[in-house]
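Novice: Here it is: the structure, laid out below.
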Amino acid sequence: MALSPPKIFVEDRQVPLDATSDPPALFDGTTRLYISYTCPFAQRVWITRNLKGLQDEIKLVPIDLPNRPAWLKEKVNPANKVPALEHNGKITGESLDLIKYVDSNFDGPSLYPEDSAKREFGEELLKYVDETFVKTVFGSFKGDPVKETASAFDHVENALKKFDDGPFFLGELSLVDIAYIPFIERFQVFLDEVFKYEIIIGRPNLAAWIEQMNKMVAYTQTKTDSEYVVNYFKRFM
């Protein structure tokens, strides 16, 4: 079954909470998603929330990570990072776990297929994204990204050929696309701006996938300013 378009819900970005901010009324029955507007890991869960139409059910709590409040570690997440989800009296962290949790525990269109072959391939891709893909591309910034990332981007290109019933990794839009897009979004901007390397050249499936993702308001509302991405990623060079 095709994913139904989520309701259009335009949100104003609230000022992030910092070291001077009081905490929200924790565990008062409100479901809260603690994020940073610029964190790709948090963006995964933010996109999932939006695609499932949960803007009313899950309240965003933006955090200023460079000047984060002490209560983030003391009262919310002992790891002192985002994303973190406050739901049913407990806190859950780690982005790949959270996108599955939100998909399974809240109403809205399912973002993971029932088909066993697709689920198996999806799990392979979810393992690859953080363990190999992200590390490989970040590691290339000190060397030659064109050579050092070719296998990683080719892996993505080939994965997008696996199923022919849609332009996404598993055919239809799924959690796998949500896991990859925050990083590919940033890598595309940074590699083009700094190294003049356009990752979609010679990769038509990747190009088509990015084009489709950019048609989704639920995703585009979460994107990070390109200038910020370039300046932030330069620290890894």
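Indices start at 1 and increase along the chain as displayed.
Any Cβ shown, glycine's included, is placed from N, Cα and C.
Under the heading domain 'GST N-terminal', Swiss-Prot lists 29-110. The glutathione binding site annotation in Swiss-Prot covers Cys39, Pro40, Asn67, Arg68, Lys81, Val82, Glu94, Ser95. Feature annotation from Swiss-Prot assigns domain 'GST C-terminal' to 112-232.
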Novice: Tell me, if you would, which residue among Cys39, Val82 (binding-site residues) has the fewest other CB atoms within 10 Å in the structure shown?
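Specialist: Candidates: the binding-site residues Cys39, Val82. Fewest Cβ atoms within 10 Å: Cys39.
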Novice: Hey, of the binding-site residues listed (Asn67, Ser95), which one tops the CB count within 10 A?
Specialist: Ser95
Novice: I'd like the number of other C-beta atoms within 10 A of the C-beta of Arg68 (glutathione binding site), please.
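Specialist: Counting Cβ neighbours of Arg68 (glutathione binding site) within 10 Å gives 19.
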Novice: So if I draw a 10 Å sphere around the Cβ of Glu94 (glutathione binding site), how many other Cβ atoms end up inside it?
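Specialist: Counting Cβ neighbours of Glu94 (glutathione binding site) within 10 Å gives 17.
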Novice: Specify the secondary structure state of Asn67 (glutathione binding site) as given by DSSP, simplified to three classes.
Specialist: helix
Novice: Let me know the DSSP-derived helix, strand or coil state of Pro40 (glutathione binding site), please.
Specialist: helix
